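Peer 1: The structure under discussion is supplied below as structure tokens; questions concerning it will follow.
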Amino acid sequence: MASISKFIAIIPAAGVGKRMQANCPKQYLCINNQTILTHTVTKLLTHPLISQVVIVLGANDEYFAQSPLAHHPDIIRVTGGTERVNSVLNGLKAVNAEQYPWVLVHDAARPCVSHQDIDNLIAQCLANNHGGILATPVRDTMKRGVFVKDAKSNVSKSINLIDNTVEREQLWHALTPQLYKTNELRFAIEQALANGVAITDEASAIEQANLPSLLVSASSENIKITHPNDLALAEFYLAKQAEQLNKSTAPK
Ligand SMILES: Nc1ccn([C@@H]2O[C@H](COP(=O)(O)OP(=O)(O)OP(=O)(O)O)[C@@H](O)[C@H]2O)c(=O)n1
Ligand SMILES: C[C@](O)(CO)[C@H](O)COP(=O)(O)O
């Protein structure tokens, strides 16, 4: 199999961050005086195997043009779509599959990803010649809930009860990056969309196409900043990573 020297990464950054309840899309909130998007893009562009990034922006995004990244030579900008999957597909349409036969897709909202985990994902996918995702095993007992009418209350109120315990052996949190062969991923997403299948990550489109995906165990620090209390945790992890990097690059 031909050796792959460089990768392109698609960064879906066209969301509005409803769950963050902020006054701007969450990817433009700041941690240590840098936007979350800048943290994430910088993390990817400083990885030795990633040579270009496709940033997928909202149609009405007025923030990126003010960013220090706005004129970066290795950044391609495309416009996103209504759902994350539409944004990812728009990003894929900007990728030359002959130049980049493999593509990483990584959420803008995940700035804490480590280079080590990206290395592991790339190594395992190339060794097996098929795609895969970073993932972290579930640690808690998992319950499925069900809403039922509250028998006691005379107001039609429903309460949430445990329906069952979900077997957690081999239950994983899907993270990103997710790494796939460019043409396979584009075909799988187009097919899933044509079939009206709900797609929330690249792996779910690949599963619909009956193609395999590796689960590459990764750090649980690679959180997706979603709710307000995720910001402090992300700031802690980024500070820890910066300290580790300073120690590793400090003169001996
Ligand atoms: N139409 C969309 C929706 C989401 N995303 C991106 O996909 C990533 C993961 O999505 P999520 O965490 O759900 O972000 P939002 O959709 O912005 O959050 P919310 O669901 O709270 O609105 C984010 O980087 C987001 O910017 C995107 O590019 N296009
Ligand atoms: C892609 C993802 O981050 C994997 O966990 C997740 O599916 C994104 O989901 P969201 O609803 O768009 O946040």
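Going from the start of the chain as shown, residues are counted 1 onward.
Glycine residues also receive a Cβ, built from the backbone N, Cα and C atoms like all the rest.
The site 'Transition state stabilizer' annotation in TrEMBL covers R19, K26. Per TrEMBL, the feature site 'Positions MEP for the nucleophilic attack' maps to R168, K224.
Locate each feature and note its surroundings.
Peer 2: Note: R19 (site 'Transition state stabilizer') has non-local neighbours T226, H227, i.e. same-chain residues 6+ apart with C-beta under 8 A of its own C-beta.
Around K26 (site 'Transition state stabilizer'), a 10 Å sphere centred on its CB holds 26 further CB atoms from the protein chains shown.
Look at R168 (site 'Positions MEP for the nucleophilic attack'): DSSP puts it in coil. The number of other Cβ atoms within 10 Å of the Cβ belonging to R168 (site 'Positions MEP for the nucleophilic attack'), over all protein chains shown, comes to 13.
DSSP assigns K224 (site 'Positions MEP for the nucleophilic attack') to coil in the three-state reduction, outside any helix or strand. A 10 Å cutoff on Cβ-Cβ distances gives K224 (site 'Positions MEP for the nucleophilic attack') a total of 18 other Cβ atoms nearby, all chains included.
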Peer 1: Cα distance, K26 (site 'Transition state stabilizer') to K224 (site 'Positions MEP for the nucleophilic attack'), nearest Å?
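Peer 2: Here the two Cα atoms are 11 Å apart.
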Peer 1: To the nearest whole angstrom, what is the C-alpha distance linking R168 (site 'Positions MEP for the nucleophilic attack') and K26 (site 'Transition state stabilizer')?
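Peer 2: Roughly 31 Å, rounded to the nearest whole number.
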